[in-house]
Each structure stands twice: as structure tokens, then as C-alpha cells.
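Structure first, then comments.
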Amino acid sequence: MSKQRVYTVAKQFNLSSEALIGVLRELGVAVKSHMSTIDDETVARVRKKFEEEKAQVRREYEKKRKRAEKRRKVERKKREPEKKREAPKKA
């Protein structure tokens with residue numbers, strides 16, 4: 001197993017070292033600074049955590065998008081009868 005420095009892994013994920021240290025501590029990994037080393041297994045755990053969070057964000061986004069579409073559809077249906085009533089009658 002190879003070991004990597006925290007700051008290099010942070011670069012891979014486009015994070016600051018401090019943010020990655022926070023994530024590692026949430027996962028129960030003891031790190032002191034950006035120069036601490038972590039093994040490949042830990043990097044895989046971090047990657048999995050980020051993928052799960054991404055998936056959750058996507059699900060929430062889809063849920064909000066579907067609700068907005070439903071709301072727009074209902075609003076359109078409410079407006080349609082109003083437009084029909086306002087049309088001038090032909091004599």
C-alpha cells in the first residue's frame with residue numbers, strides 16, 4: 001500500500017487541506033496536519049463519502065425540479081380558463 005500526503009489528496013478532490021482534514025476526522029482518521037500521510041484505503045473511503053454526498057445532492061435536486069415542474073403545470077392549468085373567458089365574443 002502506498003501512502004499519500006493529505007495536501008496531495010486534497011488537490012485531487014479540489015479541496016483545501018483543512019477541509020479534507022475535517023472530513024478525515026469525521027471518518028475517524030487521526031491526522032495532525034496537511035503533511036500527515038494517509039493510505040490508499042483511507043483515500044478510497046473519502047472518495048466513497050464524496051460520491052455518496054454527490055448522489056444525495058443529485059436526488060434532492062431532482063426532487064426539487066419535479067416539484068417545480070408540477071407547480072408550473074398547475075399554474076398553467078389555472079391560467080388557461082382565465083384566458084378563454086377573456087377572449088372577445090364574435091357577433
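Placed from the backbone N, Cα and C atoms, the Cβ positions cover glycine too.
These figures come from a predicted structure and were not determined experimentally.
In TrEMBL this protein carries:
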COMPBIAS  64-76  compositional bias 'Basic residues'
COMPBIAS  77-91  compositional bias 'Basic and acidic residues'
DOMAIN    1-51  domain 'Translation initiation factor IF-2 N-terminal'
REGION    55-91  region 'Disordered'
Residues of the compositional bias 'Basic residues' (64-76) by DSSP state, where helix covers H, G and I: 13 helix, 0 strand, 0 coil
DSSP residue counts for the domain 'Translation initiation factor IF-2 N-terminal' (1-51), split into helix, strand and coil: 29 helix, 6 strand, 16 coil
